[in-house]
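Participant: Just passing along the structure, written as structure tokens.
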Amino acid sequence: MKKTTHSCFLLIILLIRMVPSLSSTVNYTDPTLEPVATENSVIRQKIIDSQFKCYERMNRAPPYKKKGLFCNRTWDGWLCWDDTPAGRITAQNCPDYFPDFDPTERASKYCDETGNWFRHPESNRTWSNYTLCNSFTSEKLKMAFILYYMAIVGHALSITSLLTSLAIFFYFKSLSCQRITLHKNLFFSYVLNSMFTIAHLIAVVPNPGLVKRDPVSCKVLQFFHQYMLGCNYFWMLCEGIYLHTLIVVAVFAEEQRLHWYYLLGWGFPLVPASIHAVARARYFNDNCWMSVDTHLLYIVHGPVMAALLVNFFFLLNIVRVLVTKLRDTHRAESNMYMKAVRATLILVPLLGIQFVIIPWRPENRLAGEIYDYIMHILMHYQGLLVATIFCFFNGEVQGALKRQWTQYKTQWGQRRREHCSTRSTSYTATSITEVPVYLYHHDSNNEQLNGRYVEDSELVALKSGETSA
Amino acid sequence: AHHFIAATACQEADYSWMIRHYCLKQFQLSMEGIGQQLWCDWDETVGTYGELTNCTALIAERLDCYWPNRLVDEFFVAVHKQYFRNCSPSGRALHDPPNSILCPFILLPVLVTLLMTALVVWRSKRSEGIV
């Protein structure tokens, strides 16, 4: 998450910096100190700061030990350069002093074969190449705007779809069971997360004045943001643990007590969020805690990744049990349970893949852009994905919606009045062979039993088979 | 612009002398005024340091030298050796705490997460009565 938000927020910070009021007045090809104007004093301050750090570093670093000619360490007015062997080009990230300098681009300096720094042929002075720092800025600005609006749209869509799903779950009482309760909590945490993210993107990110003032409220917002992020992933973990307990540990467990799940889903994420807040306040107290250049973010992202990993292993274990133990004897049931697990099994890798591919942002410009778009979609459209997979693609939900629709049609039309009576007779016929309703049906015409356990000869055989295995 | 450069080349010895006798003197007076205890306090010394930098740049402009240059590097290295040697390095910018502090901060929540997960699995296993 770190580097993703790195590229994400760097582009957004690039966006902040493109505020037209701060125009750059410096000639980029050779750094000189301009006369102090009020707007430039902040910039000068940063440069003096870097200069101080550079000379400190030049003092403390050990002298050059390798053989051969080299160029001496130097301060070129903007960046610090170490001792470099002759004939080599050295590079580092561009500074962030000016609004249109992109800190993800590279500035370079050439040490020639005679052990002297490269001199610009026109002015005959030592010269570092900062041309890449501001050459692509306008395109990057455009893309930053696109990604920014994409993020806001993603979260808005997520909130809409999640609220719709929650409405469906609350309205159709026939659907409710323990798994659906867990879904409701998961969706609720996603809604809150999206709301906090939108608040952050709209109120804090485009507002450099607020960031400069650094009120406590924006740090509190960030705290809740991290808390909600934890809630999202820990509720996914709760879903996985629930399925695991249901299928592997005790097949057909009667109602589990959900208190521990609530504790893990809502209560526990306070722990990493609080530790992060304390560590950030103590060691890396930047304005509004917006910086993503710190490893302290792993205080929250580490447990999240651990939760995803544990979840993934639970799901693999479930699949293993379903495939090995139930495959030979009860193919039908095993298929049915597989359908239940399938949704979660699709979601967990999708949510987790962003953590895996973060470190590998491609260097190539076009590939990097595609990477950014994909990461943004994975990050900001998660709520929509979860709502779709857990609710809209759910056979039960689709069945309930269809029934409701036909009910409206019979209320307002005079057709199909007999459909209700045929349905009630098929209820008794089909309910006996159905498996417990916490799992999904592919046949949507069946009436649902409200979480009641259906005793069945095959199921009894399954249980005894489980205990003797 | 070639003829300008040929006519008024940068006199290194002059430059060196001038920054030591004008800029450094001013800096010394200011720093003594601040007091040795506060030399490592960046908020106190930033103004003086900035003036020193400005001074070296202005003299470079007068003598038609480009700024910064090798002499400026040597000059500032000497200034740092004299005035800022005992200050904690890079204490100005925000940076991560050392690994000995960072690692426990990160590992503790991860371990607590795993413990909590195990606890929930164990409790949910025990809470059901069947099997």
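Any Cβ shown, glycine's included, is placed from N, Cα and C.
Taken from TrEMBL, the feature signal peptide applies to A:1-23. The domain 'G-protein coupled receptors family 2 profile 1' feature in TrEMBL is assigned to A:53-137. Positions annotated as transmembrane segment by TrEMBL: A:146-172, A:184-205, A:233-253, A:260-279, A:299-319, A:340-361, A:373-393. Summarising the annotation, TrEMBL assigns domain 'G-protein coupled receptors family 2 profile 2' to A:147-394.
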Participant: For the transmembrane segment (A:299-319), which partner among A:146-172, A:184-205, A:260-279, A:340-361, A:373-393 gives the most CB pairs under 8 Å?
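Facilitator: That would be A:340-361.
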Participant: As a quick check of your reading of DSSP, tell me how many residues in the domain 'G-protein coupled receptors family 2 profile 1' (A:53-137) are helical, how many are strand and how many are coil.
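Facilitator: Helix (H, G, I), strand (E, B), coil: 13 helix, 24 strand, 48 coil.
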Participant: Please average pLDDT over the domain 'G-protein coupled receptors family 2 profile 2' (A:147-394) for the predicted structure.
Facilitator: 87
Participant: List, by number or range, the same-chain residues at least 6 past the transmembrane segment (A:184-205) whose CB is under 8 A from its CB atoms?
Facilitator: 9, 12, 15-16, 148, 151-152, 155-156, 158-159, 162-163, 165-166, 169-170, 211, 218, 221-222, 224-225, 228-229, 231-232, 235-236, 238-239, 261-262, 265-266, 288, 290, 380, 382-383, 386-387, 390-391
Participant: Could you check whether the transmembrane segment (A:146-172) packs against the transmembrane segment (A:373-393) - three or more CB pairs closer than 8 Å, residues at least 6 apart in sequence?
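Facilitator: Touching, yes - the transmembrane segment (A:146-172) and the transmembrane segment (A:373-393) meet the threshold of 3 or more Cβ pairs under 8 Å.
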Participant: What residues elsewhere in the chain lie close to the transmembrane segment (A:260-279), defined as a C-beta under 8 angstroms and at least 6 residues from its ends?
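Facilitator: Non-local partners: 182, 185-186, 189, 219, 223-224, 226-231, 234-235, 237-238, 241-242, 296-297, 299-300, 302-304.
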